[in-house]
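S.K.: I have a structure I would like to understand better, so I am pasting it below and will then ask my questions one at a time.
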């Protein structure tokens, strides 16, 4: 056949250490139909400060692959919530081959068409809290590229028609495909009239959705005559690929015929005639009547397709296992993103008769619905059982319903299909199932009622069980509980949701409490972070005693907002917020920096109010730009220190003596205060981690407040008694004005002129 190569790439992204699924990088690809091979080229490189990070340590990178939906990963081996089904995925770990670059290759032969998702992350780190901008951070960038090779013009088999084929000596195989519509219970592929060699040296392989592999369903035509391969319960609305492969070492030309027969399960006594505009193509079972009143036997014979012969007679088969039942649709009601309810007509209470199953379909939209959680809930109405020991089994299968009539079977799996089993009875009347990141398409739920006996399960007699059925799509499992936050994430045009846990809780739904903080620990950490701000009371008292009223007001502002910010910033349930979190954070950061600013300006003994206003404006601007940036916060502080240094240098030169002049001021106040402040900065910058945050940051509060008490200068000494005010002269007179009024000590309304003196 003719091969066509397609190439896809994605923009490099920075990887993060794994903490939850919200910290991974997700990449979305689409593989076209008829693809025979897909090659992912996984490029990873390091960067540090805008250049190649040759000095960065090697950190392993884990990449996950999954078809149809994002991978449900669990690298930390945490517990999943109850009733949660975990779909499988493939993982690959990349190792470094060069100091700053590595490349990995992942090949998939005959991949499933449609959406593919790659998830990548770094290993979990120690949780160190680093100051942004303090040093150049090592960045690990990941870029996946996809190369696909697909076949074009694959021969199409028409059900009921014979296709002739001759295989030349240099050819090893021939590939075909046939479309399987809804309500098809069986696919029968047969190789006829094999000529050119003894005993038909051919392999017959069949696979759904993609070309067959070496481990696909296969049949050796040398050992089976006739060479027929039957597939029960095929996937609906999909292509099936048929590969006829020659045994190695067989010379000469081999000719054969291939035919495919599809069994219509809505009328098992008849096979599906070719090109019939049946109700199956309208997604409606024949039990509801044929489209346009045309019966199966009344279909006009179609024209012969190119390359095929007349249809062959198809024997009528009617085993009970090939019978299917009407599929009841559900009504889709979209409330919000990943918030969809599926309502059942004449529901939500469903009657399950004893003689046949009740089948429902849930349609998940491509791409849009795969980023949430599919939830299913069954609740049995015990009063409807009439005292019988009835168990209602539910099978949830993807793309085809499992409605086997074998009463002894209570599984939802076949050789080619796996499903999810739910069961309710009088003892356990409630059953739930959660599927994170479900594959899109049609999900079929089949409900059957069986009675438990000494010999196993048998059909019930005259007991119709009533079940409450609820199906819905949600962003996260139980909204991540009280110790998690459900986040809506986006990668390019794809949306998905994930939980971000806190207070030591882990897991997909934040339900794993192996490392969780106890209530006492949460209360202790909150009290330490809040009550440590009481250390600002002594600096406030010192500032008031020294007549630094503006500085005292700033310290009170800092103490108040730091206390309530940390009360609101707690990860657990010991949380108290008096304002919005963003407002409290801004005020806390502003108060902390303003405390440094006014303390340094007071040490410089500069009193103009313009400096305080300038500091407030500069710090507000810096915090609005980046609250965690190093230089945005350090710049105004260094500017204040520069002003203080200039003021002290000017006084030293003017007085010809070191300023401050006394050694006691240096030994007992300035040096201890500077050392305490330096220790606080070192703790905050290099020691603080997520694990020790609550007590290291509390120590930071104590040290910073203590340093302010040491560094705040004493009250300035009075320069002497005020002299008499100059007399204001009027026109020909000298006015003797009350001096107390000029000093603002009496009310001007009651002030009187003492005397009027002639000049």
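Cβ coordinates are placed from backbone N, Cα and C, and glycine is handled just like the others.
Taken from TrEMBL, the feature domain 'EGF-like' covers 499-510. What TrEMBL records for 290-309 is region 'Disordered'. Annotated transmembrane segment per TrEMBL: 516-536, 548-567, 631-654, 666-687, 693-712, in sequence order.
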S.K.: Which of 548-567, 631-654, 666-687, 693-712 shares the most C-beta pairs under 8 angstroms with the transmembrane segment (516-536)?
M.R.: 693-712
S.K.: Would the transmembrane segment (548-567) count as touching the transmembrane segment (693-712), i.e. at least 3 C-beta pairs under 8 angstroms with sequence separation of 6+?
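M.R.: Per Cβ check, the transmembrane segment (693-712) touches the transmembrane segment (548-567).
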S.K.: According to DSSP, how is the domain 'EGF-like' (499-510) divided among helix, strand and coil residues?
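M.R.: The domain 'EGF-like' (499-510) comes out at 0 helix, 4 strand, 8 coil.
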S.K.: Mind checking which residues of the chain, 6+ beyond the ends of the transmembrane segment (666-687), have their Cβ under 8 Å from one of its Cβ atoms?
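M.R.: Those are 131, 134, 660, 696-697, 699-700, 703-704, 706-711, in sequence order.
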